[in-house]
């Protein structure tokens, strides 16, 4: 079993924020992969399903971003899983918009949701880093991540999420390189 947590802020006013692209990714997977309906558990929303032979618990913490790790840690301990069984989908300023990279381990890189997750489960979880680009100046980061995607980005955002959905079996089977390759191939066509 694996836990795939999307990071974001709860509430409809944040739904289309760049910071919520992790929620968008797991919402897409729940819908497109016929996961169970979302229900409340572990200080968040969960949806259980299967990809290939792997059971996956999708998780959207109901806490704000800065406390995301509490829900992830609670679910991980309940299922007696290791941090290596956890994947976190999150926005990434240092990656070009709508690009996807996978990384195992590492620090928070200034991301408060990752900082909280590290505090609750350690660093050895896998991250699916969803590029949102950088506003250019550090002073503009807060407003940028809490801003909605621009209308001009909606097609690219949908393309990225669809590519993730199509390539997701590779992630479920721990073939991160093939997952990224399949996303890149699907986005070129």
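Cβ atoms here come from the backbone N, Cα and C positions, even for glycine.
Residues or ranges marked as active site, proton acceptor by Swiss-Prot: 19. Cβ-based neighbour count (10 Å, all protein chains) for residue 19 (active site, proton acceptor) stands at 22.
Taken from Swiss-Prot, the feature tRNA binding site covers 14, 64, 66, 112. The Cβ of residue 112 (tRNA binding site) lies under 8 Å from the Cβ of 65, 66, each of which sits 6+ residues away along the same chain.
Under the three-state DSSP scheme, residue 9 (site 'Discriminates between blocked and unblocked aminoacyl-tRNA') falls in the coil class. Summarising the annotation, Swiss-Prot assigns site 'Discriminates between blocked and unblocked aminoacyl-tRNA' to 9.
Per Swiss-Prot, the feature site 'Stabilizes the basic form of H active site to accept a proton' maps to 91; the stated evidence is sequence analysis. According to its DSSP assignment, residue 91 (site 'Stabilizes the basic form of H active site to accept a proton') is in a strand. Here the Cβ of residue 91 (site 'Stabilizes the basic form of H active site to accept a proton') has 25 other Cβ atoms within 10 Å, regardless of which shown protein chain they belong to.
Within 10 Å of the C-beta of residue 9 (site 'Discriminates between blocked and unblocked aminoacyl-tRNA') we count 21 further C-beta atoms, all protein chains included.
DSSP classifies residue 14 (tRNA binding site) as helix under the three-state reduction. With a cut-off of 8 Å between CB atoms and residues at least 6 apart in sequence, the same chain places 8, 20, 146 near residue 14 (tRNA binding site), listed in sequence order.
In the three-state DSSP scheme, residue 66 (tRNA binding site) is classed as helix.
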